[in-house]
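Colleague: Questions regarding the structure given below will be posed in turn.
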Ligand SMILES: Cc1cc2nc3c(=O)[nH]c(=O)nc-3n(C[C@H](O)[C@H](O)[C@H](O)COP(=O)(O)OP(=O)(O)OC[C@H]3O[C@@H](n4cnc5c(N)ncnc54)[C@H](O)[C@@H]3O)c2cc1C
Ligand SMILES: NC(=O)c1ccc[n+]([C@@H]2O[C@H](COP(=O)([O-])OP(=O)(O)OC[C@H]3O[C@@H](n4cnc5c(N)ncnc54)[C@H](O)[C@@H]3O)[C@@H](O)[C@H]2O)c1
């Protein structure tokens, strides 16, 4: 029996859409199977877009409250939580409607059903009306996303908690909130609620928040949180949770001392897990390590015609990576199905970024200092504080710094970290430079308009360029080595 499709994509989020669009553009007969009631995927429906809409509201509220520093008198400000939520839902609906159009007019067949593997070439489709069918394809891209990890304490399920899905259904602000976790979800929501006047305490298992960032960057945000009245409990182990009346209680141990925290609500943000449930992966024969499938740089799983992408692949759960992985998986699946063979496209994680949209924003790009240290790779590092930068002083946004990492011989830029104003925008100049293997000197010599925030990048670049110029150069071995004996 001939397969019906060349490429079948499971999941219609950022990764699945990118995969289907890419495969279809290559001329492959492509299907995209999406099982959710609402089209849009995590980023649009409950991830990037609603959180950034909420943070924009709390950022503006904070700006107004600080207006007196600029000589402006304001009336007392009141946060209208239902109105903030209504704006967020309206924006999400608009983004979702656009995505719906793209999914239905994308040159591939959109199938609204839940897929689960019967064998490595077939999936069973279960439609919302109870109908069932079978879909066959030469190749598959699994882009089923991730789900919120189970709560670390079983009692939490009994007493109830909010998470990044259920928070979007709330209509009233709690008086007090305990946020569990110290990753991007935890810190973005902690600041959103804290700025709207909710008493927030954040409980993180590790020694620092934002564990994938260098600790000097994470410290800037920790300090900002403390100054804004958010209480931090790092190195904390959860012991138990319970309820008394309307209050929720949480016991934790920190440095040997037991603390009991009481709050009106608890927000769970302790991570996400690839969404394997319901896919019946054993029938596909895919090898998994821990909770994610094993994939190579071509986004190929252990079964050669099955590819994976996005959060499901469990590598870096952010959208630009989901899209790139989707494109790589979609192209390679189409190549295989159409018999085009090599060259298969490969992922390149050199320019991976992570950005947290708090205030100050925190961004990392490419190599981190921690990773360089761990691998023993020699790097030059230079920092420059926003407190010494003219435009940051004008803006009254002096918290934080920029840092650059460069290879010591030529000063080629390898990575960057920014904690400070507009970090999410500033980092993109560095993406462009890293993509063309530019050196610190190239950056230092680029003209920058004055006064701008971007100028700050030239200062650590200048420092690195000077250090490279001053250091004795170890020349690479000559391609025609002289014979050791004349
Ligand atoms: C609160 C929050 C904020 C975030 N903010 C940002 C941000 O600012 N920037 C950023 O880069 N990233 C952010 N992220 C991460 C980002 O949202 C994800 O990395 C990205 O959306 C993952 O895309 P995906 O396509 O892999 O998964 P998804 O978008 O989750 O898509 C998977 C799809 O597969 C479908 N599916 C699953 N199983 C089946 C099945 N068996 N059959 C059929 N369909 C199935 C699901 O219904 C879903 O629609 C945030 C995440 C969260 C939780
Ligand atoms: N701005 C953004 O790009 C953005 C925003 C939100 C989410 N995301 C992505 O979504 C994914 C999920 O984010 P997340 O923040 O939920 O997960 P995460 O894995 O990034 O962070 C979870 C944190 O919770 C902590 N933790 C785990 N168990 C704990 C426990 N028992 N007690 C206390 N702390 C505990 C971990 O140490 C970790 O720091 C991430 O990969 C992230 O990149 C991105």
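Numbers here mean position along the shown chain, with the first residue as 1.
Cβ from N, Cα, C; glycine included.
Curation plays no part in TrEMBL annotations; they are all automatic predictions.
Per TrEMBL, the feature active site, proton acceptor maps to 450. As annotated by TrEMBL, FAD binding site applies to 52, 311. The NAD(+) binding site feature in TrEMBL is assigned to 181, 182, 183, 184, 185, 186, 187, 188, 271. For 43-48, the entry in TrEMBL reads disulfide bond. Residues annotated as domain 'FAD/NAD(P)-binding' in TrEMBL: 5-326. As annotated by TrEMBL, domain 'Pyridine nucleotide-disulphide oxidoreductase dimerisation' applies to 354-458.
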Colleague: Could you state the whole-number distance in Å separating the C-alpha atoms of residue 181 (NAD(+) binding site) and residue 43 (disulfide bond)?
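Modeller: About 20 Å separates the two Cα atoms.
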Colleague: Give the sequence-ordered set of same-chain residues, not counting 181, 182, 183, 184, 185, 186, 187, 188, 271, with Cβ within 8 Å of the centre of the Cβ atoms defining the NAD(+) site.
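Modeller: Other same-chain residues near the NAD(+) site: 179, 189, 209, 210, 269.
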Colleague: Work through the recorded positions one by one (183, 185, 271, 450) and name whichever has its CA nearest to the CA of residue 43 (disulfide bond).
Modeller: 185
Colleague: Nearest to residue 450 (active site, proton acceptor) by Cα, among 52, 183, 185, 187, 271 (binding-site residues)?
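Modeller: Comparing Cα positions, the candidate nearest residue 450 (active site, proton acceptor) turns out to be 52.
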Colleague: Please check each of the binding-site residues 181, 183, 187, 271 and report the ones with a CB atom less than 6 Å from an atom of ligand 1, ordered along the sequence.
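Modeller: So the answer is none.
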Colleague: Taking the binding-site residues one at a time (181, 183, 271), which has its Cβ surrounded by the most other Cβ atoms within 10 Å?
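Modeller: When each Cβ's neighbours within 10 Å are tallied, 181 leads.
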Colleague: Quick one: pull the CA-CA distance for residue 52 (FAD binding site) versus residue 185 (NAD(+) binding site), whole Å only.
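Modeller: Checking the Cα atoms of residue 52 (FAD binding site) and residue 185 (NAD(+) binding site) gives a distance of 11 Å.
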Colleague: Of these recorded positions, 52, 450, which scores lowest on Cβ atoms within 10 Å?
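Modeller: The recorded positions 52, 450 were compared, and 450 has the fewest Cβ atoms within 10 Å.
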